Amino acid sequence: MGSPMLIALGCIFALMGLIGFCGTLKKISWMLLVFFVVVLIIFILQVIAAVFLLLPNSVKENALSSLEVKFVESLRTKYDQDQSFTDIWNVTMTKLNCCGYKGYKDFTNSTLKGSSEYPKQCCKSVKKCEKVEAEKENIRGCIHVLFDENIPISGALSFLIGILEIVAMFVSLKIYRCLRRLPDLPDPFSNNL
């Protein structure tokens, strides 16, 4: 699910780079303007996401509280009933070393095959995970793992990419302004010399 999205984003960024490059090489000002506008939109969305990432965890949890109810309810009703839903959550919980959205209690009173059983990710040391073992191990919920471990790295990376985007916007706007002031010059790469 994440890989195709990253590949699509990479293709969009490559296309934007190509538009900026061709606009500069062929002296086509509208291509540079399109490049600038798209990079500006991406930059604005990135700043909004970065501001959200830098908020304290309590503020983020409050902002996501309406989603929490939906996540927990879907875990209780769909987990172990809908195979694709179960597979996505199993992969997520395994990769992040977490259990449920906020913890093992998300699976209490759920529709799991054994009503007293919990997903194996909620108990690392036993094969059959029941409430006593899940309570004893008390593995953190996935939302806490994301907030505490993965988001700070994303914030730092977002900041570095933002600097590159500012430079790209500055350069494209400078070239655009220069092209608007220059008279039409012959293309040095054409065969009409």
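Cβ atoms are placed via backbone N, Cα and C, with glycine included.
If you go by TrEMBL, Cys142 shares a disulfide bond with Cys98, out of Cys11, Cys22, Cys98.
Record source TrEMBL places Cys99 in a disulfide bond whose other cysteine, from Cys122, Cys123, is Cys122. Within the same chain, residues at least 6 positions away in sequence whose Cβ sits under 8 Å from that of Cys122 (disulfide bond) are Met93, Cys99, Gly100, Tyr104, Phe107, Cys129, Glu133, Ala134, Glu137, Ile139.
Proximity of distant same-chain residues to the transmembrane segment (153-173), defined by a Cβ-Cβ separation under 8 Å and at least 6 residues beyond the stretch ends, is recorded for 20, 23-24, 32, 35-36, 39-40, 42-43, 46-47, 49-50, 53-54. Within 10 Å of the C-beta atom of Cys99 (disulfide bond) sit 29 other C-beta atoms, taking all shown protein chains into account.
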